[in-house]
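TrEMBL has this to say about the protein:
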type	residues	note
TRANSMEM	55-77	transmembrane segment
DOMAIN	56-460	domain 'Major facilitator superfamily (MFS) profile'
TRANSMEM	97-115	transmembrane segment
TRANSMEM	122-140	transmembrane segment
TRANSMEM	146-176	transmembrane segment
TRANSMEM	183-202	transmembrane segment
TRANSMEM	222-241	transmembrane segment
TRANSMEM	276-301	transmembrane segment
TRANSMEM	313-333	transmembrane segment
TRANSMEM	345-364	transmembrane segment
TRANSMEM	370-394	transmembrane segment
TRANSMEM	406-423	transmembrane segment
TRANSMEM	435-455	transmembrane segment
Amino acid sequence: MASAPASPEKILTSSLTEKELLAKGQELQKEVKIESVGSIVPNDSSICKVYKRRWLILILFVCYSMSNAFQWIQFAIINKLMVEYYGVSEEWIDNTSLIYCFVYIPLIFPATYLLESKGLRVAVLLGSFGTAAGTWIKVLSASPTLFWVAFTGQTVVAISQIFILGIPPLLAAVWFGSDQVSTATSIGVFGNQLGIALGFYLPSQLVQNGTVEEVTAGLSRMHYGTASVTSAIFILAIFFFKDKPPTPPSFAQAALASCEENYVVSMKRLLSNKGYLLLLLSYGLNVGVFYAISTLLYSFIIKYFPGADEDVGRIGLSIVLSGMVGSVISGLILDKTRRYKETTLVIYFLSLVGMLAYTFTLPWGNHISLIYVVMAALGFFMTGYLPVGFEFGAEITYPESEGTSAGLLNCSVQIFGLVMTPITRAILNSSIGDIGANLTLCGFLAVGLLMTALIKPDLKRLAAQKSGLSPA
């Protein structure tokens, strides 16, 4: 059953008082040139309405995101085996993961423009088709001489990711009411995390060390299975994924319906928003550290626990599974409290604490089971930060598109991921070793925490919802 819009009393104030929120709403009304037609009562279903279909749309996106994210780490998590099979360097296997970062940075700008101009459905269909096409290319790569085919397919799948990472907050805002938008965003991110979790675990189960023929058979199983799933998701998206509901789900979305959108002007406003720029850097630092940890997890763990190849996959799985729980809990907390900055700060701080624990547990932990526990705790906070950052960004940049805001946040992530991963690899392979590499990552998190503390919690979207803005 569709949930009813929340009453004004239930739209909780965060750092701002109710009077301040109402005043901010009036300022926004002038800023986005929306003419009021009178007060709108929250139970006016002719203005705002949510539909049961929203859950089907969200589930389809979760499956689509999962099928793409699964392929991000599938080669890097069995790094040594792929190096021996294809006869390439460790760095080239790392690059099968880093290609996701390389292609995202230049392509995110045309992708967000397409998302704003053509809508969710076109973006999702393009991304879903590309994910399936890239996977079928990799089906042809199960031979020791065809690494270039595998890398080509991986590149196509990576390009398709530009129509995934920035979508959760936009989909949530377009389809879900104000009392569910943060939870919906966290569920949207959940799909990507579930794919990464499967990418950590399944490759080591499907592709095991053995003869060339046995490894070839394992790769074929993995690629054919993935191709079948991605193709089925693409077909389902064609028939069932819709762009937007007939009626906006919230006052904030209703207000945007009468705004004239200009992509260039919107981008300029985003890049001149001081709070958003701080978030852009701090978000990139946090998730960039996660990317570096994930890509190099095998090298860190095997150094202290030789032969623990399958444990590496399971540890990666524990990171992401705990992070999935953290994401959903974070979304529920935001919908309940609307304390965006406070929640972001706490999770960021605990991510730093978790990273420090990992840094000193790895070389002195006597049992690998301890690494499981520490990494699960780190994943809970670090991965749980993803939807919180998206929602905080959407709040302080309203009325700009959530898709553009999230797209730029992810662009920052890719840049930092590209920088941090090779730096961390170089430090790991130097005389300083893993402690120096991990302390460097801790330093990045400490800088990001300071930047987060400097962000002014100017919750514009909440103010618009509170004041009941409406289109003329």
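Cβ coordinates come from backbone N, Cα and C, glycine included.
Most Cβ pairs within less than 8 Å of the transmembrane segment (276-301), among stretches 97-115, 122-140, 183-202, 370-394, 406-423, belong to 406-423. The average pLDDT computed over the domain 'Major facilitator superfamily (MFS) profile' (56-460) stands at 87. Tertiary proximity for the transmembrane segment (97-115) is limited to same-chain residues at least six positions away from its ends with a CB under 8 Å from its CB atoms, namely 72-73, 75-76, 122-123, 126, 151, 154-155, 158-159, 161-163, 165-167, 170, 263, 291, 294-295, 401, 403-404, 407-408, 410-411, 413-415, 417-418, 421. Across the candidate stretches 55-77, 146-176, 183-202, 222-241, 370-394, the maximum count of CB pairs under 8 A to the transmembrane segment (406-423) is reached by 146-176. Most Cβ pairs under 8 A with the transmembrane segment (222-241) among the ranges 122-140, 146-176, 313-333 are made by 122-140. Ranking 55-77, 146-176, 183-202, 313-333, 370-394 by CB pairs under 8 A with the transmembrane segment (122-140) puts 146-176 at the top. Residues 73, 77-78, 182-187, 189-190, 193-194, 196-197, 199-205, 293-294, 297, 301, 339, 343, 347, 371-372, 375-388, 391 of the same chain lie 6+ residues outside the transmembrane segment (313-333) yet bring a C-beta within less than 8 angstroms of a C-beta in it.
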